[in-house]
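Below you'll find the structure I mean.
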Amino acid sequence: MAEPLRGRGPRSRGGRGARRARGARGRCPRARQSPARLIPDTVLVDLVSDSDEEVLEVADPVEVPVARLPAPAKPEQDSDSDSEGAAEGPAGAPRTLVRRRRRRLLDPGEAPVVPVYSGKVQSSLNLIPDNSSLLKLCPSEPEDEADLTNSGSSPSEDDALPSGSPWRKKLRKKCEKEEKKMEEFPDQDISPLPQPSSRNKSRKHTEALQKLREVNKRLQDLRSCLSPKQHQSPALQSTDDEVVLVEGPVLPQSSRLFTLKIRCRADLVRLPVRMSEPLQNVVDHMANHLGVSPNRILLLFGESELSPTATPSTLKLGVADIIDCVVLASSSEATETSQELRLRVQGKEKHQMLEISLSPDSPLKVLMSHYEEAMGLSGHKLSFFFDGTKLSGKELPADLGLESGDLIEVWG
């Protein structure tokens, strides 16, 4: 838009020129100046437009009366094209043309690219391009490569790359390597493993639950097979779930065999018996072993007499227990020795206890020899004591006042 043309002439200003004019009033008038002349005055026309054309300046001749020549003032410049126009010089002097400074507006697409980083930083910095097809060629982590491989790129994007682009060369090299791998290993799947997602996690969770249910079902089938009562029909049982147990027959606790130890005189007999078997079988075996009548066999456990009808399970006998077997006198001898004394002889050990019958007129030497023979201690030096008194063997039971049930101690 062009500004209106306006003639400009000399106008009075303050400063040194004005003071000189005021000071000349009191002086003598000067000679009259020459009549008015035609002096061309320069008028600036600023054509403002959006184009990049330069400013047009038009100079038109205007008749201006010649004024008095003031002292030359310092020219002023105004960068803005306001209503006052350009700076004025002294009257009569040729005006200088001042061009307005304008900023050149450029298209954003034509803006020059200025490097942000220095040369060293730029050489070591690889910016990631925005194109998805070029992202595959950038060095990345294995997970990123798997994502890019799964997503893929369309052939139109590969064709859009320039023929001389380094990205296109790298893409071609990568495709050639993949083709070589496929030719060398045609049966091998070289596709990357998919990343675990939320769906895969939920799928794994459901698979784990299914496996647990299958295990519980098989355990229930195993319990039903081991139980005595099977409610399932054989048609419903699967051949894969059958369990065969190869074991011997389960015997009850009462029919279990164990070795019973029987001590008779100087012998120790080991006899296998059952827990539910009565001790009468033991009595018969010992009578046959000693060649005497079963009525003369007496079994003792500690100081208590065992009944032939008792069983090892009722007596709670174990493998470490030992039973003493005593041979009693015959019935004919019993009538003769009805007045005999039954004396107990106890050795140093607890199991070395023996009950011996002795007549009141017999010396104690008979008791000592019978004990040594029964315990297998013949030839050993033994000492017999009664109430703390050492016995020589020549004493009679009546002399010592012995009665049935008295205890005689033996020390070796």
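Glycine is treated like the rest: Cβ placed from N, Cα and C.
Keep in mind that what you see is a predicted model, and the values were worked out from it rather than measured.
Taken from Swiss-Prot, the feature coiled coil covers 168-227. The compositional bias 'Basic residues' annotation in Swiss-Prot covers 8-30. What Swiss-Prot records for 86-96 is compositional bias 'Low complexity'. Residues annotated as compositional bias 'Basic and acidic residues' in Swiss-Prot: 175-184. According to Swiss-Prot, the SUMO2 cross-link annotation covers Lys120. The annotation domain 'Ubiquitin-like' is assigned in Swiss-Prot to 341-412 on the grounds of sequence analysis. According to Swiss-Prot, the feature phosphoserine maps to Ser49, Ser51, Ser79, Ser81, Ser83, Ser118, Ser191, Ser197, Ser307, Ser362, Ser383. Annotation source Swiss-Prot lists phosphothreonine at Thr309, Thr311. Under the heading region 'Disordered', Swiss-Prot lists 1-38, 58-115, 136-206.
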Can you tell which of the modified residues Ser307, Thr309, Thr311, Ser362 lies nearest to Ser383 (phosphoserine) in space, using Cα positions?
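Comparing Cα positions, the closest of these modified residues turns out to be Ser362.
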Show which residues of the chain containing Ser362 (phosphoserine), separated from it by at least 6 in sequence, have their CB under 8 Å from its CB.
Leu396, Pro397
Which chain-mates of Thr309 (phosphothreonine) that are at least 6 residues away have a CB under 8 A from its CB, listed by sequence?
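Residues satisfying the criterion: Pro278, Leu279, Gln280.
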For Ser307 (phosphoserine), what is the tally of other C-beta atoms lying within 10 angstroms of its C-beta?
13
Mean pLDDT for the domain 'Ubiquitin-like' (341-412), rounded to an integer?
84
From the DSSP assignment alone, can you count helix, strand and coil residues within the compositional bias 'Basic and acidic residues' (175-184)?
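Residue counts in helix, strand and coil order: 10 helix, 0 strand, 0 coil.
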Using DSSP and collapsing to three states, where does Ser383 (phosphoserine) fall: helix, strand or coil?
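Where Ser383 (phosphoserine) sits, the three-state DSSP reduction gives strand.
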Counting other Cβ atoms within 10 Å, pick out the least crowded of the modified residues Thr311, Ser383.
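Sparsest of the modified residues Thr311, Ser383 by Cβ contacts within 10 Å: Ser383.
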Would you list the DSSP helix, strand and coil counts for the residues of the domain 'Ubiquitin-like' (341-412)?
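For the domain 'Ubiquitin-like' (341-412), the helix, strand and coil counts are 16 helix, 24 strand, 32 coil.
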When DSSP is mapped onto helix/strand/coil, what comes out for Ser307 (phosphoserine)?
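Coil, per DSSP.
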